[in-house]
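Here is what TrEMBL records for this protein:
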- B:Cys77: active site, nucleophile (ACT_SITE)
- B:His179: active site (ACT_SITE)
- B:Glu181: active site (ACT_SITE)
- B:36-195: domain 'Glutamine amidotransferase' (DOMAIN)
Amino acid sequence: MTARRIIPCLDVKDGRVVKGVRFEGHTDMGDAAELAARYRDEGADELVFYDITASPEGRTLDYGWVRSIARLLDIPFCVAGGIRTVDQAAACLDNGADKVSINSPALERPELITEMADRLGSQCVVVGVDSRREDGEYVVHKYTGDPNARRLAGRRTLDWLVEAQALGAGEIVLNCIDQDGVRAGYDTAQLSEARSRLTIPLIASGGAGAVSHFLDVFDRANVSGALAASVFHTGAIRIPDLKASLAASGVEMRS
Amino acid sequence: MTVAIVHLGAGNTASVQFALERLGAEAVITADPAVIADAERLVLPGVGAAGYAMARMADLGLTDIIKGFERPLIGLCLGQQLLFETSEENGGATMLGFIPGEVRRLDVGPDRPVPHMGWTKLEGLKDDPILEGVSPGAYAYFVHSFVCPDTDATIACADYGTEVPAMVRTGNRWGCQFHPERSARAGARILQNFLSLSI
């Protein structure tokens, strides 16, 4: 079978890892390359690097930096932040990234997903979705890296997930904003609903605060992987301990 | 040891190069027929779709050179699929044909997502120099939506609701359906073995 993936997410700003609560009030968590090497050695199954200021500032990420990370890692990694053309996505892959994740640009121009899938293959096209419950419905937000630029995207989350999959996405990262950075657990209800609508892999994001939260999201939402940031960066949860605990509970983990 | 990584377009060429460099090999990403013909090792990385990769190979004048390459060659991910005769991807493609059979879309039922993306155990390991030091049950990182047919060429497999030929070999040609460059220790060992082959 296939192991469930534990995926540290590194929100990067100027080569440093930052983390805020509900996307605001960022604090410095260390050098991105150093943290990446540490997570690699500790058994992370994949890493996500998200240049959180690229999209709101209208730029793309630094390909030289992607290259330096690619040299360092012998596990897969995904990059995100300001990728709005197929050429930019191709450049990320050419510099050693395994996947690219697009969020706001896909909402603005959904055909981008198809263009990327046609040229680069669906397997490297990840669509990130920031979702929050409003008036009893899950709705999509965009530009969540910058609280000032953030706004509703005018779409229902579940509709958008199905559309993104149909357009050629190879994987979805569903980031539940209500849960982000508050460590109260993944939104297993929303993730479970998303899982039932998709045939491509789904990754849970937002809310990890305890080992039991990971167990819950794998058991209840049947996601392929769980992404988390602050609990790993602060050392609140150590990856080897987490994987050992999940394996003991019957969740398949890469050893 | 000079390794030529065939450049057919955007794809995982750089990560393959970096993995080989970590093992001390000199690896070049190239579409130059002369460099490819002279290389001591040849890598066909996974790029785009099967039909696109074969068309690029033909446009670049590389098809006959790759078919005639007599030293160790390894196809990675889509590169393994290219070793087979045909693929049903995008309405059908004729490929290198070193191994008989058709590459088909993964059909694994509703319980498993497609693409098969993630770390899956290598099982059924055959006695082959490229697998030396690789333990049964070692995890490798897979990303694919199409699957090669199971033939006599299979030297390792993976279970994803269907039998996935994870590695194949025919003569001086090997294939990995997974990404050894992204498969931590087991992947590095396989690449190291590939560099050390004596045939």
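Glycine is treated like the rest: Cβ placed from N, Cα and C.
Cα of B:His179 (active site) to Cα of B:Cys77 (active site, nucleophile): a span of 6 Å. Cα of B:Cys77 (active site, nucleophile) to Cα of B:Glu181 (active site): a distance of 11 Å. Look at B:Glu181 (active site): DSSP puts it in a helix. Note on the domain 'Glutamine amidotransferase' (B:36-195): its mean pLDDT in the predicted model is 95. Within the same chain, residues at least six positions away from B:Glu181 (active site) with a Cβ under 8 Å of its Cβ are B:Asn12, B:Ser15, B:Val16, B:Phe18, B:Ala19, B:Leu20, B:Leu76, B:Gly187, B:Leu191.
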